[in-house]
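Note sheet for the following structure.
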Amino acid sequence: MTTLVIADLHLNEQEPAITAGFLRFIQEQAVHASQLYILGDFFDYWIGDDDPAPLHKTVADALKALSECGVKIFFIHGNRDFLLGKRYAKQCGMTLLPQTQIIEAEGQRILILHGDTLCTDDTDYQHYRKRVHTKWIQRLFLWLPLSVRLKIAKKMRAGSQSANQQKTQAIMDVNQNAVIDTFRQYKTQWMIHGHTHRPAVHDLRIDGETHFRGVLGAWHSQGSAFKITPDDISLIFFPF
Ligand code: OKV
Ligand code: MN
(Lines of atoms letter the chains of each structure in order from A and count residues from 1; the text may use other names and numbers.)
(Lines give C-alpha, C1' and ligand atoms only; values in the text may rest on other atoms or scores of the structure.)
(Ligands and ions follow the chains in the order given, each with its own letter.)
Protein backbone atom coordinates (compact mmCIF):
# COMPACT_ATOMS: atom_id res chain seq x y z
CA MET A 1 0.00 0.00 0.00
CA THR A 2 0.90 3.66 -0.31
CA THR A 3 0.92 6.67 1.99
CA LEU A 4 0.82 10.11 0.38
CA VAL A 5 2.12 13.32 1.98
CA ILE A 6 1.31 16.79 0.66
CA ALA A 7 1.64 20.41 1.87
CA ASP A 8 1.58 24.02 0.70
CA LEU A 9 -1.33 23.88 -1.73
CA HIS A 10 -2.30 27.38 -0.54
CA LEU A 11 -5.85 26.77 -1.75
CA ASN A 12 -7.69 30.03 -2.38
CA GLU A 13 -10.68 31.27 -4.35
CA GLN A 14 -8.45 33.29 -6.72
CA GLU A 15 -6.61 30.23 -8.10
CA PRO A 16 -9.26 27.64 -9.05
CA ALA A 17 -6.67 25.65 -11.05
CA ILE A 18 -5.02 24.55 -7.78
CA THR A 19 -8.35 23.38 -6.36
CA ALA A 20 -9.10 21.53 -9.62
CA GLY A 21 -5.62 19.96 -9.49
CA PHE A 22 -6.25 18.81 -5.92
CA LEU A 23 -9.64 17.31 -6.77
CA ARG A 24 -7.97 15.38 -9.61
CA PHE A 25 -5.16 14.28 -7.24
CA ILE A 26 -7.84 12.81 -4.97
CA GLN A 27 -9.56 10.97 -7.84
CA GLU A 28 -6.43 9.69 -9.54
CA GLN A 29 -3.98 9.07 -6.69
CA ALA A 30 -5.30 9.47 -3.16
CA VAL A 31 -8.22 7.04 -3.61
CA HIS A 32 -5.62 4.28 -4.14
CA ALA A 33 -3.68 5.19 -0.98
CA SER A 34 -4.15 3.93 2.55
CA GLN A 35 -3.36 7.27 4.20
CA LEU A 36 -3.08 10.93 3.24
CA TYR A 37 -1.08 13.35 5.37
CA ILE A 38 -1.56 17.08 4.80
CA LEU A 39 1.33 19.04 6.32
CA GLY A 40 -0.17 22.51 6.48
CA ASP A 41 -0.62 25.62 4.36
CA PHE A 42 -3.34 23.58 2.72
CA PHE A 43 -5.37 26.80 2.68
CA ASP A 44 -3.74 30.13 1.90
CA TYR A 45 -5.50 31.71 4.85
CA TRP A 46 -7.85 30.61 7.61
CA ILE A 47 -9.71 32.92 9.95
CA GLY A 48 -12.08 30.44 11.59
CA ASP A 49 -14.13 27.31 10.89
CA ASP A 50 -17.24 29.51 10.69
CA ASP A 51 -16.04 31.19 7.46
CA PRO A 52 -18.77 30.29 4.93
CA ALA A 53 -16.42 30.39 1.88
CA PRO A 54 -17.75 28.00 -0.82
CA LEU A 55 -14.19 26.70 -1.34
CA HIS A 56 -14.21 25.27 2.20
CA LYS A 57 -17.35 23.25 1.46
CA THR A 58 -16.00 21.98 -1.90
CA VAL A 59 -12.78 20.79 -0.24
CA ALA A 60 -14.53 19.32 2.83
CA ASP A 61 -16.93 17.33 0.64
CA ALA A 62 -14.05 15.92 -1.42
CA LEU A 63 -12.00 14.94 1.64
CA LYS A 64 -15.04 13.47 3.39
CA ALA A 65 -15.79 11.31 0.33
CA LEU A 66 -12.14 10.22 0.29
CA SER A 67 -12.29 9.27 3.97
CA GLU A 68 -15.45 7.26 3.26
CA CYS A 69 -13.43 5.31 0.65
CA GLY A 70 -11.35 4.09 3.62
CA VAL A 71 -8.42 6.47 3.23
CA LYS A 72 -7.22 7.78 6.60
CA ILE A 73 -6.60 11.53 6.45
CA PHE A 74 -4.37 13.46 8.87
CA PHE A 75 -3.69 17.18 9.10
CA ILE A 76 -0.84 19.20 10.63
CA HIS A 77 -1.29 22.97 10.76
CA GLY A 78 0.87 25.31 8.71
CA ASN A 79 1.69 28.93 9.42
CA ARG A 80 -1.28 30.05 7.31
CA ASP A 81 -4.05 27.66 8.38
CA PHE A 82 -3.05 27.22 12.04
CA LEU A 83 -6.57 28.21 13.13
CA LEU A 84 -8.22 25.32 11.27
CA GLY A 85 -10.18 23.61 14.02
CA LYS A 86 -11.85 20.38 15.08
CA ARG A 87 -15.20 21.41 13.59
CA TYR A 88 -13.81 21.71 10.06
CA ALA A 89 -11.57 18.66 10.51
CA LYS A 90 -14.64 16.63 11.40
CA GLN A 91 -16.44 17.96 8.32
CA CYS A 92 -13.51 16.64 6.26
CA GLY A 93 -13.30 13.30 8.06
CA MET A 94 -9.70 14.01 9.02
CA THR A 95 -7.70 13.86 12.25
CA LEU A 96 -5.71 16.86 13.53
CA LEU A 97 -2.16 16.00 14.63
CA PRO A 98 0.27 17.98 16.82
CA GLN A 99 2.87 20.18 15.06
CA THR A 100 5.50 17.40 15.11
CA GLN A 101 4.62 13.73 14.85
CA ILE A 102 6.45 10.45 14.24
CA ILE A 103 4.42 8.25 11.91
CA GLU A 104 4.78 4.61 11.02
CA ALA A 105 3.85 4.64 7.34
CA GLU A 106 4.08 1.42 5.34
CA GLY A 107 6.56 0.16 7.95
CA GLN A 108 8.78 3.25 7.76
CA ARG A 109 9.31 5.56 10.76
CA ILE A 110 9.15 9.18 9.57
CA LEU A 111 9.01 12.51 11.37
CA ILE A 112 6.48 14.89 9.84
CA LEU A 113 6.05 18.62 10.45
CA HIS A 114 5.07 21.75 8.54
CA GLY A 115 8.63 23.15 8.61
CA ASP A 116 8.19 26.73 9.84
CA THR A 117 9.61 25.81 13.26
CA LEU A 118 12.91 24.90 11.52
CA CYS A 119 13.28 28.43 10.11
CA THR A 120 14.86 29.80 13.27
CA ASP A 121 16.92 32.47 11.43
CA ASP A 122 13.71 34.37 10.73
CA THR A 123 13.43 35.77 14.25
CA ASP A 124 10.67 38.26 13.31
CA TYR A 125 8.53 35.38 12.10
CA GLN A 126 9.26 33.26 15.21
CA HIS A 127 8.14 36.15 17.46
CA TYR A 128 4.98 36.62 15.39
CA ARG A 129 4.37 32.86 15.55
CA LYS A 130 4.64 32.78 19.34
CA ARG A 131 2.07 35.57 19.56
CA VAL A 132 -0.56 34.10 17.25
CA HIS A 133 -0.13 30.62 18.77
CA THR A 134 -1.01 32.00 22.23
CA LYS A 135 -4.32 30.43 23.28
CA TRP A 136 -5.96 33.58 24.68
CA ILE A 137 -4.96 35.66 21.65
CA GLN A 138 -6.51 33.05 19.37
CA ARG A 139 -9.70 32.98 21.47
CA LEU A 140 -9.92 36.77 21.31
CA PHE A 141 -9.42 36.77 17.54
CA LEU A 142 -12.05 34.04 17.02
CA TRP A 143 -14.49 35.94 19.22
CA LEU A 144 -14.41 38.91 16.80
CA PRO A 145 -17.09 39.13 14.10
CA LEU A 146 -16.09 37.44 10.84
CA SER A 147 -16.06 40.77 8.97
CA VAL A 148 -13.54 42.20 11.44
CA ARG A 149 -11.37 39.06 11.26
CA LEU A 150 -11.39 39.33 7.45
CA LYS A 151 -10.14 42.93 7.60
CA ILE A 152 -7.41 42.15 10.13
CA ALA A 153 -6.27 39.11 8.12
CA LYS A 154 -6.10 41.11 4.88
CA LYS A 155 -3.97 43.79 6.57
CA MET A 156 -1.67 41.17 8.13
CA ARG A 157 -1.15 39.40 4.80
CA ALA A 158 -0.32 42.65 3.01
CA GLY A 159 2.14 43.57 5.79
CA SER A 160 3.80 40.16 5.68
CA GLN A 161 4.20 40.27 1.89
CA SER A 162 6.15 43.53 2.06
CA ALA A 163 8.22 42.24 5.01
CA ASN A 164 9.13 39.06 3.10
CA GLN A 165 10.36 41.11 0.13
CA GLN A 166 13.02 42.57 2.45
CA LYS A 167 14.16 39.15 3.72
CA THR A 168 16.90 37.15 2.00
CA GLN A 169 16.36 33.61 0.69
CA ALA A 170 18.78 32.29 3.34
CA ILE A 171 16.74 33.69 6.23
CA MET A 172 13.59 32.05 4.90
CA ASP A 173 15.18 28.58 4.58
CA VAL A 174 15.61 26.05 7.38
CA ASN A 175 18.42 26.49 9.89
CA GLN A 176 20.81 23.54 9.63
CA ASN A 177 21.30 23.32 13.42
CA ALA A 178 17.55 23.24 13.95
CA VAL A 179 17.39 20.30 11.54
CA ILE A 180 20.21 18.46 13.34
CA ASP A 181 18.65 19.13 16.78
CA THR A 182 15.32 17.81 15.53
CA PHE A 183 16.87 14.60 14.17
CA ARG A 184 18.76 14.09 17.47
CA GLN A 185 15.58 14.65 19.47
CA TYR A 186 13.27 12.35 17.50
CA LYS A 187 15.87 9.79 16.36
CA THR A 188 14.26 9.04 13.01
CA GLN A 189 16.20 8.47 9.80
CA TRP A 190 13.67 10.48 7.79
CA MET A 191 11.80 13.74 8.17
CA ILE A 192 9.34 15.22 5.69
CA HIS A 193 8.21 18.85 5.75
CA GLY A 194 6.98 21.63 3.51
CA HIS A 195 6.89 25.39 4.06
CA THR A 196 10.06 26.48 2.24
CA HIS A 197 8.69 25.61 -1.22
CA ARG A 198 12.05 24.09 -2.19
CA PRO A 199 11.21 20.50 -3.13
CA ALA A 200 14.17 18.17 -2.65
CA VAL A 201 15.56 15.20 -0.73
CA HIS A 202 18.62 16.23 1.28
CA ASP A 203 20.90 13.70 2.94
CA LEU A 204 23.04 14.54 5.93
CA ARG A 205 25.28 12.64 8.30
CA ILE A 206 24.78 13.15 12.04
CA ASP A 207 26.87 11.22 14.59
CA GLY A 208 27.92 8.77 11.85
CA GLU A 209 24.36 8.02 10.68
CA THR A 210 22.77 9.06 7.38
CA HIS A 211 19.50 10.99 7.61
CA PHE A 212 17.13 12.18 4.92
CA ARG A 213 15.13 15.41 4.85
CA GLY A 214 12.35 15.41 2.29
CA VAL A 215 10.94 18.79 1.35
CA LEU A 216 7.60 19.12 -0.41
CA GLY A 217 6.95 21.60 -3.19
CA ALA A 218 4.20 24.21 -3.26
CA TRP A 219 1.33 23.69 -5.66
CA HIS A 220 1.92 26.74 -7.90
CA SER A 221 1.77 25.24 -11.39
CA GLN A 222 2.09 21.53 -10.58
CA GLY A 223 1.30 19.21 -7.72
CA SER A 224 3.96 17.72 -5.44
CA ALA A 225 3.80 14.82 -2.98
CA PHE A 226 5.87 12.24 -1.16
CA LYS A 227 4.86 8.72 -2.01
CA ILE A 228 5.73 6.20 0.72
CA THR A 229 5.68 2.46 0.03
CA PRO A 230 7.19 -0.37 2.10
CA ASP A 231 10.45 -0.12 0.12
CA ASP A 232 10.62 3.47 -1.15
CA ILE A 233 10.10 7.11 -0.22
CA SER A 234 10.02 9.33 -3.30
CA LEU A 235 9.15 12.88 -4.27
CA ILE A 236 6.67 13.00 -7.14
CA PHE A 237 5.27 15.82 -9.27
CA PHE A 238 2.20 15.93 -11.49
CA PRO A 239 0.78 18.55 -13.84
CA PHE A 240 -2.59 20.20 -13.16
C1 OKV B 1 -1.82 33.65 8.09
C2 OKV B 1 0.19 34.91 7.99
C3 OKV B 1 -1.91 36.01 7.78
C4 OKV B 1 2.60 34.37 8.10
C5 OKV B 1 -4.64 36.89 14.12
C6 OKV B 1 -4.65 36.06 16.35
C7 OKV B 1 -4.35 38.49 16.01
C8 OKV B 1 -4.93 34.55 14.51
C9 OKV B 1 -4.81 35.60 13.62
C10 OKV B 1 -5.09 36.47 11.31
C11 OKV B 1 -4.41 36.24 10.01
C12 OKV B 1 -4.55 33.82 10.37
C13 OKV B 1 -5.22 34.07 11.67
C14 OKV B 1 -2.54 34.80 7.91
C15 OKV B 1 -0.45 33.71 8.13
C16 OKV B 1 -0.56 36.03 7.82
C17 OKV B 1 0.33 37.21 7.70
C18 OKV B 1 1.72 36.63 7.86
C19 OKV B 1 3.98 34.91 8.07
C20 OKV B 1 -4.55 37.10 15.47
C21 OKV B 1 -4.84 34.77 15.85
F22 OKV B 1 -3.07 38.72 16.20
F23 OKV B 1 -4.80 39.40 15.17
F24 OKV B 1 -4.98 38.62 17.15
N25 OKV B 1 -4.89 35.36 12.23
N26 OKV B 1 -4.78 34.94 9.45
N27 OKV B 1 1.54 35.23 7.99
O28 OKV B 1 -4.79 35.74 7.07
O29 OKV B 1 -4.69 33.37 7.54
O30 OKV B 1 2.45 33.20 8.24
S31 OKV B 1 -4.29 34.69 7.88
MN1 MN C 1 4.28 27.57 5.40
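Please read every residue number as a count from 1 along the shown chain.
Glycine residues also receive a Cβ, built from the backbone N, Cα and C atoms like all the rest.
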Identity of the substrate-site residue among H195, H197, H202 (reference: N79, R80, D122, S160, N164, K167, source: TrEMBL): H195
Per TrEMBL, member of D41, D173, D231 binding Mn(2+) 1 alongside D8, H10, H197: D41
Entries of R80, H114, D122, N164, K167 which, being binding-site residues, have CA atoms within 10 angstroms of H10 (Mn(2+) 1 binding site): R80
Position of peak Cβ density within 10 Å, selected from the binding-site residues H10, K167: H10
D8 (Mn(2+) 1 binding site): nearby binding-site residues from H114, D122, S160, H195, Cα cut-off 10 Å: H114, H195
Sorted by sequence, non-D41, N79, H114, H195 residues with Cβ within 8 Å of centre, Mn(2+) 2: A7, D8, L39, G40, H77, G78, R80, G115, D116, G194
Listed binding-site residues adjacent to ligand 1, that is, members of D41, N79, R80, S160, N164 whose C-beta is under 6 A away: N79, R80, S160
Binding-site residues near ligand 2 among H10, D41, N79, N164, H195, H197 (Cβ under 6 Å): D41, N79, H195
